[in-house]
């Protein structure tokens, strides 16, 4: 137990223990060591609590609508828990595959007088801690259900705890058996995808509060989905089954999975399967094959590979698109989808350009030894975020057209969005060079971040809101009419001046010597 406590205190609950390593000398000599596990839990709790409170209220409102249909309320509850169970298992296994592999940090821990079983339990808790976001959905759904539906409160809580134990034991066993197969990139991208899917579910709970329950019951696809989730063929509902036999199955399976996990924990975990696979590759093939870099340019191809390997890029690029599609189906027009997309993507475009720029210009002296111009290096870092975000906006427009919700007025947004994305990329690249962040995932300092938000979001809302009002052609009084047009024209002038100014600043920052 003492070994486990030390691991929690000094390594914390992060999948990247190196993030907790102290870099400042004054912290190394400090007699009072921070508890990284407690710090992680407090950080996650403060992040999850607002979302959990809102989801609890949303679930409360949903089940309040279903008070006259208790069977439907119970079916919806089981369907929700089944979806979250699937996310939990997939996320747990993906994270556990990395945690139970023989990483560089684990190599060091294995040389210490620590039992493998203790390391297995530690990594099991670490993996569980990384699923707290999904567990927040579980708790919110159960609380919303308990506040409205009359049921055995103690029994439902015990069933939920049994259900989580069942999912955890199954996921832990799968993680141990497949430990080392996945890479860090795969796990991080997988976690980003799961977070995006949870965002979709979150938005669904917001939307369904205003849906007519009777019309929802007439939807054949929805009825079929609920029918499957409540059937005996869905193991994710066995913990909530009225049949005692299924509860016994869950208890037996949970015990069997835990026993199997403990059995394999000291035998097959921390094996470096990736290294074994890598040693079988022929170096001759890697060297002799024709690379894509020779076709598209080395820095362009390198930046595209960095983008595909980063889970942060996955979230930054696809979250605005997912949110705008939600607004499309809720709001009913392409303008309702495009405006929130531009507001979010304009800020994210600066972050994307900043991440790409910082990745190279941290080593500026090495870059200057390459036989390429600065223009060749910086152009892909500006072009990729602009093209990707503009392309996603076009895709959203095509989807709105396919569903008959496209408005011709939204065509005015395309040239405007291109100009906003260009300014955003210039600002992001500039501040990632002159005022970079201290960590890898933060391209700018906190001061620069607030400045970028003020410029980009201020211009975006100044242009988009006034353009929306102008295109709507409302009956405005004289002073309101002039105020709207002056704001719009002033925002365009500010956009041109800022773009020119930051282009010159970025050019100067790239050419000056340290």
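Cβ coordinates come from backbone N, Cα and C, glycine included.
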Of 3-27, 153-177, which range does TrEMBL call transmembrane segment? 153-177
Mark yes when the transmembrane segment (244-265) and the transmembrane segment (313-331) have three or more Cβ pairs under 8 Å (sequence separation 6 or more) and no when they do not. no
Checking distant contacts: for the transmembrane segment (244-265), what same-chain residues at least six beyond its ends satisfy Cβ-Cβ under 8 A? 116-117, 120-121, 124, 159, 162-163, 165-166, 169-170, 172-173, 176-177, 232, 238
Is the number of Cβ-Cβ pairs under 8 Å between the transmembrane segment (337-357) and the transmembrane segment (446-470) three or more, considering only pairs separated by 6 or more positions? yes
What stretch of 121-147, 153-177, 378-404, 446-470 shows the most Cβ pairs under 8 Å to the transmembrane segment (410-434)? 378-404
